[in-house]
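As recorded in TrEMBL, the features of this protein are as follows:
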DOMAIN    12-406  domain 'Major facilitator superfamily (MFS) profile'
TRANSMEM  21-40  transmembrane segment
TRANSMEM  52-72  transmembrane segment
TRANSMEM  167-186  transmembrane segment
TRANSMEM  220-238  transmembrane segment
TRANSMEM  258-276  transmembrane segment
TRANSMEM  288-309  transmembrane segment
TRANSMEM  315-336  transmembrane segment
TRANSMEM  356-378  transmembrane segment
TRANSMEM  384-404  transmembrane segment
Amino acid sequence: MEQQQSLFKNKSYMFLLSSQIVSNFGTWLNILAVSTLVAIEWNASPIEVSFVLLALALPMVFFGPIAGVFADRIERRKMMILADILSGTVVIGLVFASFTWQVYIILFLQGLFSTLFTPAKNGKLKEIVSEEHMQQAMAISSMVNSISKIAGPALGGVLVATISVQGVFYIDAASYFISALLLLGVPKTVHLVKEKEENETKENFVAQLKGGLSFIKSKSILLIGLVSSFLVFFVLQIGDTQFGVLIRQLPEMETEVLGLIMSGAGAGMFISSMLLSKISIKKLEQSLGLGAAILGLSFIGEAVMVIYFSISSVLILAPIFAFAAGSSFAFVLIPFQTAAQKETPVNYSGRVFGTINSIFTLATIGGTISGGILVTLIGINKVFVMSGGTLFAVGLSIALYAMLKNVVHVKVENEKQKINEV
């Protein structure tokens with residue numbers, strides 16, 4: 001409890017957290033409003049609707065590492081404030097959009113500014129939060145994300161019904177401007193990449209662009225964590241984005257079941273995040289392995305549930321499996337993000353997290369596209385069982401690797417002890 005109080009007494013962290021809370025709620029309001037505008041009011045095709053999230057995600061894939069370099073070279077608070085102001089400005093453009101191509105351009109720009117914001121925020125977190133509080137800070141950030149994903153769309157639905165889609169866009173824009181004001185309470189960046197002289201050559205910039213991935217490769221714990229997390233993210237998206245297709249096989253109450261799954265997953269993520277804010281994960285590989293394995297079993301359970309169980313049983317089992325999935329995913333995401341923060345020097349954090357975010361987004365896009373293709377080719381039930389089995393296999397492999405690593409370590413230590421005794 002004392003540790004928790006000391007983190008919440010950190011005024012700089014509280015301003016950064018408050019900014020995240022306002023911004024996250026605004027983002028989910030925006031996603032709901034854009035989806036309503038394109039899918040319902042404009043009656044766009046499924047492909048046109050899919051391009052909405054693609055437009056938001058693509059900038060992170062292509063510009064994430066570049067944004068990370070800027071986050072280590074430019075004053076981070078200034079970079080975050082500028083990104084918020086630009087995001088709020090372009091969101092207002094959605095009010096006047098009349099065609100889907102205009103929405104795509106605006107969302108691409110919004111995604112680009114978000115890409116600039118994220119590595120700067122992660123770098124700032126490294127500056128203002130001590131290592132002993134880092135896992136707690138990452139867990140709290142995950143809790144905020146979970147609450148936003150649950151409450152944001154729900155609030156957005158009410159606002160769209162009462163004040164219109166365009167009114168929600170204005171609220172989202174205001175949330176970015178409020179976030180920028182809150183960031184004024186965060187201190188300026190102290191640690192930046194030091195330029196050798198007045199002339200910064202192109203070669204130096206390119207070297208720094210590669211610096212994030214080079215640093216990750218030099219740290220085995222980060223490399224293993226990144227590869228493992230990439231596999232989990234990729235396979236997770238294959239099934240996760242197709243839940244609607246799985247559930248529509250039910251004879252009735254499809255919407256209610258889908259709502260229970262979304263709520264259950266969000267609740268599981270929130271509870272695990274709360275737990276991880278109070279306990280410390282000592283062994284990253286074991287947490288990754290266990291989380292991935294349980295996540296896989298949850299996916300298989302959802303598929304079996306839909307195929308073989310009655311609707312009354314589904315109403316009970318759906319949120320239970322979803323809760324297990326959300327809870328186990330937290331044990332993959334949060335420990336890895338914590339390890340990345342702890343292992344990365346403050347002047348490298350922008351580049352490292354720019355690279356990590358880019359790779360995670362690539363996994364998300366690749367998994368989403370693969371899920372659609374696989375469902376078309378082999379059917380939804382097989383896809384869920386296959387993705388669940390793959391996640392379980394990945395988790396089991398990570399856990400076995402951790403056990404073998406521990407056995408080798410103990411053996412080496414024993415050999416050293418024997419040599420010392422001689």
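The backbone N, Cα and C atoms fix where each Cβ goes, and this holds for glycine too.
Heads up, TrEMBL stuff is auto-annotated, nobody curated it.
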Same-chain residues at least 6 beyond the ends of the transmembrane segment (315-336) with CB under 8 Å of its CB atoms are 135, 138-139, 142, 146, 225-226, 228-229, 232, 236, 253, 256-257, 260-273, 276, 281, 284, 287-288, 290-295, 297-299, 301-302, 305, 309
Averaging pLDDT over all residues of the domain 'Major facilitator superfamily (MFS) profile' (12-406) gives 84
Let me check one thing: do the transmembrane segment (384-404) and the transmembrane segment (52-72) come into contact, meaning three or more Cβ pairs under 8 Å with sequence separation of at least 6? no
Count the CB pairs under 8 A between the transmembrane segment (52-72) and each of 167-186, 220-238, 258-276, 288-309, 356-378, then give me the winner. 356-378
State the non-local partners of the transmembrane segment (220-238) in its own chain: residues 6+ outside its ends, Cβ under 8 Å from one of its Cβ atoms. 284-285, 288-289, 291-292, 295, 329, 332-333, 336, 339-340, 343-344, 352, 356, 359-360, 363-364, 366-368, 370-371, 374, 383, 387, 390-391, 394, 398, 401
State, in range form, which of 21-40, 288-309, 356-378 has the highest count of Cβ pairs under 8 Å to the transmembrane segment (167-186). 21-40
